[in-house]
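J.: What follows is a single structure, and I will ask about it in a moment.
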């Protein structure tokens with residue numbers, strides 16, 4: 001939220017009529033603090049309907065114009081490999097445990113359909129309740145609830161709001177761009 005200073009008699013009319021500066025984009029640290037605060041709120045987390053067959057979600061108001069989601073994950077649910085269309089973001093596990101598989105290299109955003117990944121680019125991170133992470137604009141990952149019995153719930157925030165998501169398939173070391181989702185699809 002920006003504030004406009006009071007106008008003194010010495011302030012010129014042009015300066016007094018200048019528009020207030022636009023609010024700044026939230027930092028990754030601010031997004032992570034927001035996601036942690038939502039994840040720590042038992043009433044918000046408990047209010048999300050859970051479904052045994054598929055993921056559930058509720059859109060939230062994120063800080064500074066960020067897009068945010070509360071997501072329920074039944075046992076075995078996963079996202080598939082995807083990116084966030086150039087947005088940076090965070091996610092925090094609010095209940096249960098999630099596993100993230102990611103790539104430690106940036107990928108080109110256009111001009112390819114299939115890539116052969118080099119050895120050593122895979123990363124795996126387990127995020128139990130209360131743990132989270134931030135990621136950059138070029139992040140590609142897959143998130144999984146590997147539990148066979150327990151639902152998980154997580155909070156996600158992105159800035160700028162997701163313009164698109166690229167969906168990938170992966171077989172061994174080959175990553176293939178399958179399709180692009182636009183916001184109206186979700």
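Glycine is no exception: its Cβ is also placed from the backbone N, Cα and C atoms.
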J.: Taking TrEMBL at its word that 82, 84 bind Fe cation, choose the one of 141, 151 listed for that site.
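T.: Answer, per TrEMBL (Fe cation site with 82, 84), from 141, 151: 141.
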J.: Return the residue, from the listed binding-site residues 82, 84, 141, with the maximum count of other C-beta atoms within 10 angstroms of its C-beta.
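T.: When each Cβ's neighbours within 10 Å are tallied, 84 leads.
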J.: Under DSSP, is residue 82 (Fe cation binding site) helix, strand or coil?
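T.: The three-state answer is strand.
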J.: For the recorded Fe cation site formed by 82, 84, 141, which further same-chain residues have Cβ atoms within 8 Å of the site's Cβ center?
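T.: The surrounding set, listed in chain order, is 79, 81, 83, 139, 140, 142, 165, 166.
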